[in-house]
Every structure is written in C-alpha cells, then in structure tokens.
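One structure below.
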Amino acid sequence: MLFKAFRRNEERDLDLANMPNHIGVIMDGNGRWAKKRGLPRSAGHKAGAESLKKIVTEANNLGVKYITVYAFSTENWKRPKAEVDYLMDLLMDYLINAEKTLAGENVRIRAIGSRKELSEEMQRQIKKTEELTKDRSGIVMNIALNYGGREELLHSAKMLCEAVKNGEKSPEEITEKDIEEGLYTAGQPDVDLLIRTSGEQRLSNFMLWQVSYAEMVFVNKLWPDFKPKDLIECIRVYQGRGRRFGGI
Ligand code: FPP
C-alpha cells in the first residue's frame, strides 16, 4: 500500500513529506448539479454520495490520515421533509454498505455530531458501523451528521461546566486541550486543508475550532463533478502555501 501511494504521488508530483494529515470537505452543489440536468435534487445527492466514495478512496491511497465530510448540518432539518428523508436514507445505506464498499480500502468510519435527534435506527447503525470498522488501519472518515460547529463547542462547554460543578476542575485550570477533549473529534489532529466545492466561500458552521489554521481551497465545481484529480489539485495548492501558524 505504501509503495502504491509512493508511486502514485511521484507520478502526480506531490510532496509526500507535506501531505495534509486531515482534510475537511464541504460537499456543496448537489442540488445545482441536479437542476442543471433537469433532475430532482435527490439525484444530485445520489451522485454526490458516489463522488464521495471515490474521493475517500483516493485520499486513503494518498496517505491522508483523516477526512471529515459535511453530510448533514444541524441547519439542514429546515429542508423539505422529502429531501431530509432522502438524505437520511442515503446515509443509512452508506453506513450499512460501508463494510462492503469500503472494506478493501480499510476505512474507519465515525459519525460526528449530535446523535439524539437522529432516529433510533440510525443511532444503532452508526454504533454498529463504528464498531465494525474501528480496528482498520486506513484513513479515518468522520461523517458530520446532524453536525454544527457551534453545537459542538456548546457540547464541550457544557461538559466542562459539569466538571467544574462536580469539583473536578476549577475555571482557572481550563485549557484549550480541555475544550478539545470535549469535541466530537477529540484525539484527532486539526484540519490542515479545507475544501469547499461549488464556488461558495463560507464555513457554514463547519468545524469552527478545528479549522483555525486550515488552508482553505474553494473549488468552482459542483460536488458530484469533483473528481480524484481535483483532490490532487487541491493538495497541490495546499502544498504551495506557506503555513506560519501565527509565526513569521
Ligand atoms: C450540499 O449540497 C450537500 C448536502 C447538504 C448534503 C451532502 C450529502 C452528500 C454528498 C451525499 C450523502 C452523503 C453520504 C455520506 C452518503 P446542496 O444540496 O446544498 O446543493 P445546492 O447548494 O446546489 O442546492
């Protein structure tokens, strides 16, 4: 696997020593993709799910360690019920089939976000898929599902308040690390590269804490049109940037 990644990287002129550890993806533009073709929005989401499989496979082959994809935000409940139901069905299928479809890729699947608003069936399936894939050695794929960056920070803050209330911590002792430990991505590195497709240039409440020093790359393609070669191009752009983390 390592040899394969090495050979592919060489071909594509990427710097293996400077790969992003963690990529965040805002998969935007499914609806517009479908509209352009006179198709229902659901067709755009279906095509988006296919695109996602190829991108995760490519990221894994390139040696990226973590990928977080924005599948359903805390605000997406505002969409028409039929669209919400379709997205939930798609996600359910993805989780159920993940074992088979991504087995060869060795992907570890996790869901991040607030679970209690999801159906019990979905909550059960998330646990099952996480359990089934947890010992794999490949890329960690976080599916942001009923996820909101502010909700995540609120969740972390509430945990810390509890710890203070129980006398386990005093407010003066609280550090950034404590906040991080209450995030859904606890134990994972910050996002290095954030990609948003469709030409929009917003964060839309995605990983507000974890993208603090991420390089952002906005791509003028709709998500279902985003191909593995576009991922490579985004990594190339990332590698061309000078990251200073506040230094000089
Ligand atoms: C944004 O496009 C996309 C979403 C809200 C959903 C993303 C979901 C998928 C890519 C497929 C399902 C994911 C998994 C993990 C199976 P939009 O609908 O806002 O597009 P628009 O801005 O063109 O209307």
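Note that Cβ sites are derived from N, Cα and C of the backbone, with glycine treated the same way.
What TrEMBL records for Asp28 is active site. Marked as Mg(2+) binding site by TrEMBL: Asp28, Glu215. For 29-33, Arg41, His45, 73-75, Trp77, Arg79, Arg196, 202-204, the entry in TrEMBL reads substrate binding site. The active site, proton acceptor annotation in TrEMBL covers Asn76.
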Close-lying recorded positions around ligand 1 among Asp28, Gly31, His45, Thr74, Glu215, where CB distance stays under 6 Å: Asp28, Gly31, His45
In the chain carrying Gly31 (substrate binding site), residues 6 or more apart in sequence that have Cβ under 8 angstroms from it: Arg41, Gly44
Thr74 (substrate binding site) to Asp28 (active site) - Cα separation in whole Å: 15
Length of the line joining the Cα atoms of Glu215 (Mg(2+) binding site) and Trp33 (substrate binding site), in Å: 26
Around the Cβ of the residue listed as 'active site, proton acceptor', the count of other Cβ atoms that are within 10 Å: 16
Neighbour tally for Leu203 (substrate binding site), based on other Cβ positions within 10 Å of its Cβ: 15
Rounded inter-Cα distance in Å - Trp33 (substrate binding site), the residue listed as 'active site, proton acceptor': 18
Three-state secondary structure, which DSSP defines for His45 (substrate binding site): helix
